[in-house]
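Before any comments, here is the structure.
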Amino acid sequence: MKNGKLGFIGIGNMASAIIGGILSSGTFPVGDIYMYNPHAEKMQRFTESGCVACTSAEEVTELCDTVFLCVKPQIFPEVLRVIAPTVAKKNADDVVIVSIAAGVTFKNLQDALGADRRYVRAMPNTPLLLGEGATALCRTSNVPEEDFARVRSAFSCCGVTQEIDEAQMNAVIAVSGSSPAYLYLLAKLTCDYAAQQGIDPKTALTLFCQTMKGSADMLLNSGKDPQALMDMVTSKGGTTFALLNVLKEQGFNEAMISSFEACTHRAEELSM
């Protein structure tokens, strides 16, 4: 029988962000949040808020009907091995296993824990740490809407969520999982150039970041597609036209597409 309890195995940055978001939003009762981490100090600030610390991954799995696996990739197979007997003792519809590991497929989870179990995969990104994350989610066909909504609510406490098919999970890493890195690269290059022109780095970074935030809001809320917004800011023969023309001449578009493809290919290689 479902009890509404959420369990977290592994309390690293991502799990801490999710739990912190839950506590801030009040979406779930604090006493329904269970956790286990081999280093107890990682759990302390949450237990002080009323979350429940467990003594093992098996205990979390036994007590909770939604279990988030938030451990590092190198120990993921061992965690699956450890919790498998506990999962096997539960009715198939009494537990949902949520994985945030990029290279772990539904087949991997089914082989380790049972084909009849319910699984959700999540691909969050690092802005989740500030409550501004973007998380792609997919589920096996046997996950009912009620169970999926509970998982989605947990991630929604830290940003936005979108449901996709599992076949798209590797490609979505280029869209949202790894994409913060190329924004940071663009920020670095822009600020480096600004410094060369005598502009204070902090001033440049403030202007750049607000420009990116405002531009993102335009993309989300203006009702115009990216090309239309580019056209709005670009006058033929003007400064933006000159900037975009050099990017095109230098093969920027092709380089970006190649980088997306490399990201997706690497994700496929890293699959268990």
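Each Cβ is built from the backbone N, Cα and C atoms, and glycine gets one as well.
Copied over from TrEMBL, here are the features:
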BINDING   Ile9, Gly10, Ile11, Gly12, Asn13, Met14  NADP(+) binding site
DOMAIN    5-103  domain 'Pyrroline-5-carboxylate reductase catalytic N-terminal'
DOMAIN    166-270  domain 'Pyrroline-5-carboxylate reductase dimerisation'
Relative to the mean position of the Cβ atoms of Ile9, Gly10, Ile11, Gly12, Asn13, Met14, the recorded NADP(+) site, which additional same-chain residues have Cβ within 8 Å?
Phe8, Ala15, Ser16, Asn37, Lys42, Cys70, Val71
Taken over the domain 'Pyrroline-5-carboxylate reductase catalytic N-terminal' (5-103), the model's mean pLDDT:
96
Across all protein chains shown, the one of the binding-site residues Gly10, Gly12 with the most other Cβ atoms within 10 Å of its Cβ is Gly10
For the binding-site residues listed here (Ile9, Ile11, Met14), which one has the lowest count of neighbouring CB atoms within 10 Å of its own CB?
Met14
Going by C-beta under 8 A and a gap of 6 or more residues, the same-chain neighbours of Asn13 (NADP(+) binding site) are Thr126, Leu129
